[in-house]
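Trainee: What Swiss-Prot records for K95 is active site, schiff-base intermediate with DXP, and it gives sequence analysis as the kind of evidence. Sequence annotations record features per position, and here Swiss-Prot assigns 1-deoxy-D-xylulose 5-phosphate binding site to G156, A182, G183, N204, T205.
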Amino acid sequence: MLKINDTFFKSRLFVGTGKYSSNKIMLESIFASESELITLSIRRMDFNNPQNEFLDTLNRSKIKLLPNTSGAKNAKEAVLAAKIAREALNTNWIKLEIHPETKYLLPDSVETLIAAKILVKDGFVVLPYCFPDPVICHKLVDVGCSAVMPLGSPIGTNLGLINDYFLKIIIEQINIPIIIDAGIGSPSHAVKAIEIGADAVLVNTAIATSNNPVKMAKSFKIALQAAEIAKNSGLSGKSFISHRSSPLTDFLNY
């Protein structure tokens, strides 16, 4: 099982809540994924609506909510969003996202580190979205983050793990959970993330914008279950030369 802070997760699949055509499809997809943690944007939530079916349904389930600070352009805005989320959702878990430019939504490492320090000191369980940069990941560990969430590729691109070399360094060196976030575009991308040693993946666009989000969510669930079983079974090493599986003898000994 995966442990983040004081919480255990059976599923290695975390899912987002954006881009769905309706709340109904979103909820069906979340339940089909069997994810135990979902992330949601503070900016999109109507906390004053007592008829918020989405939040009511999730609060009745055992799924953990991970509010995010998406849209924050600096540390000050991110800290404010985190405090609003804590008050509104009664959780000290926060996915820290700071991306000041809007075309590629790349994380601001400097502001992320500043905000992480403040939030950890204020009692938050901080999971920062960050570059696949081993140096910044080490710094985020040092300030007390509970996991790191390096991007596979830019948000919403579905390009997969375009920086897997650096991801492998992070996986080798970092001793807290590593969740590959952003760019996971297919179940095979998610499988690769687990096979190289990541602890979990966060998927949104690939599920929400597919032709059938419910079936796609289920396919990610099955793929990650298979990936975890394979990893725990001990994947066979790779080789650039052939290794015969049968004895090399004279054919039929004629």
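The backbone N, Cα and C atoms fix where each Cβ goes, glycine too.
Please go over these features one by one and say how buried each is and what sits next to it.
Mentor: Neighbour count (other Cβ atoms within 10 Å of the Cβ, all protein chains): 27 for K95 (active site, schiff-base intermediate with DXP).
Listed in sequence order, Y129, L151, G152, S153, P154, I155, G156, T157, L202 are the same-chain residues at least 6 apart in sequence whose CB falls under 8 Å from the CB of A182 (1-deoxy-D-xylulose 5-phosphate binding site). In three-state terms derived from DSSP, A182 (1-deoxy-D-xylulose 5-phosphate binding site) belongs to neither a helical nor a strand segment and is classed as coil.
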Trainee: Which site among N204, T205 has the most other CB atoms no more than 10 Å from its CB, taking these as binding-site residues?
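Mentor: By the 10 Å Cβ neighbour count, N204 comes out on top.
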Trainee: Here are the binding-site residues: G156, G183. Which has the lowest count of other Cβ atoms within 10 Å?
Mentor: G156
Trainee: Using DSSP with the three-state reduction, classify G156 (1-deoxy-D-xylulose 5-phosphate binding site) as helix, strand or coil.
Mentor: coil
